[in-house]
Structures are given as C-alpha cells and as structure tokens.
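Record features (Swiss-Prot):
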type: CROSSLNK; residues: Lys132; note: SUMO2 cross-link
type: DOMAIN; residues: 4-153; note: domain 'ADF-H'
type: MOD_RES; residues: Ala2; note: N-acetylalanine
type: MOD_RES; residues: Ser3; note: phosphoserine
type: MOD_RES; residues: Ser8; note: phosphoserine
type: MOD_RES; residues: Lys13; note: N6-acetyllysine
type: MOD_RES; residues: Thr25; note: phosphothreonine
type: MOD_RES; residues: Ser41; note: phosphoserine
type: MOD_RES; residues: Tyr68; note: phosphotyrosine
type: MOD_RES; residues: Lys73; note: N6-acetyllysine
type: MOD_RES; residues: Tyr140; note: phosphotyrosine
type: MOD_RES; residues: Lys144; note: N6-acetyllysine
type: MOD_RES; residues: Ser156; note: phosphoserine
type: MOTIF; residues: 30-34; note: motif 'Nuclear localization signal'
Amino acid sequence: MASGVAVSDGVIKVFNDMKVRKSSTPEEVKKRKKAVLFCLSEDKKNIILEEGKEILVGDVGQTVDDPYTTFVKMLPDKDCRYALYDATYETKESKKEDLVFIFWAPESAPLKSKMIYASSKDAIKKKLTGIKHELQANCYEEVKDRCTLAEKLGGSAVISLEGKPL
C-alpha cells in the first residue's frame, strides 16, 4: 500500500457479493449489484463504497434502460473513482458475465486526487482477487463508447454488450 490508504471491509463484502454467483431466488438476484462506485473517505485514509452510486440487477429494465450508459453517467466530472461493473456480453460462442475493475481519473480532477487514487490502485486490486478485466479512463470519450469495454472483454469476439449489438 504505497499511499497508506486502506480498503474498507464494506468494499470487500460488495466485491465478494458481486463475484460469487450462487443460485439465488429471483428476489435475491434483483438485489445484486450490477455496478458500484468506490471513493476515498473524507479523511483520505480509506477506500469506501460511495453511497447511492450503484445499479442493482433489479433496476435493469425497470428504472434503468441501459445499465452501461447509466453507469457512465454516474462517474463524476471532476474527481477520480474506482468502480466495479458486472458486464453481460456475448461472443460468437456464448453469453458471458465478467466483473470489470475501472479506474476513473478524469483530466479535470485535482492533481492530489489523481495521485492518491493512482497510488492506491494496487491496494484495492490486491483485495479484489480474481478480476480478469481492467479499464482505465481519463475522459468520457474513453468510456461512453461501449466498444472500449467490449475490447477489454474480448476484442472482436464480442458481438454484444448488455444486449446491445456492437
């Protein structure tokens, strides 16, 4: 932990809940998180779950039409964040679901914030074991096009993301 920032237990619990796809009742599935944002605590000592910045599986098709577009809109204009996004995508062979770790560091974020988030990234990644895909973005142009995420998930083999053809 180069920055000395700790990862809160809440972050690890959310990650484990998103990672493990146990057989659940339809009600439990609706409560699963599709996307979450993590931020630094006020004192900059802990990485915590950002309150109210999440999409639940049950929201998709109800209050959320396109989870990826909604997720991109949750990212702040002028500050950094870490995020977990549970991507549902299709290749020519099969349907897949994978967690993607996203490091959001917009160019308009304060330099100090970018430095703390960049130096704390390894700390959070070490705690979130088993993530296959990572995306780092510095502006909305890099995330608003779902092809950027599809490229990370499997390149040209990916034919749709969140049910939307590429």
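Each residue, glycine too, has its Cβ placed from N, Cα and C.
What you see is a predicted model, and the numbers here were worked out from it, not measured in a lab.
Location within the structure of each feature annotated in Swiss-Prot.
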| residue | record | DSSP class |
| --- | --- | --- |
| Ser3 | phosphoserine | coil |
| Ser8 | phosphoserine | coil |
| Lys13 | N6-acetyllysine | helix |
| Thr25 | phosphothreonine | coil |
| Tyr68 | phosphotyrosine | helix |
| Lys73 | N6-acetyllysine | helix |
| Lys132 | SUMO2 cross-link | coil |
| Tyr140 | phosphotyrosine | helix |
| Ser156 | phosphoserine | helix |
Counts of helix, strand and coil residues, the motif 'Nuclear localization signal' (30-34), according to DSSP
2 helix, 2 strand, 1 coil
Candidates Thr25, Ser41, Lys73, Tyr140, Lys144 (modified residues) - the one closest to Lys13 (N6-acetyllysine) by CA
Ser41
Ser41 (phosphoserine) and Ser8 (phosphoserine), distance between Cα atoms, whole Å:
10
From Ser41, Tyr140, Lys144: modified residues whose CA lies within 10 A of Tyr68 (phosphotyrosine)
Lys144
Among the recorded positions listed as Thr25, Lys132, Tyr140, Ser156, the Cα nearest the Cα of Lys73 (N6-acetyllysine) belongs to Tyr140
Of the recorded positions listed as Ser3, Ser41, Lys132, Ser156, the one whose CA lies nearest the CA of Thr25 (phosphothreonine)
Lys132
Recorded positions Ser3, Ser41, Lys132, Ser156: which have a Cα within 10 Å of Tyr140 (phosphotyrosine)?
none
Expressed in Å to no decimal places, the gap between the Cα atoms of Ser41 (phosphoserine) and Ser156 (phosphoserine) is 39
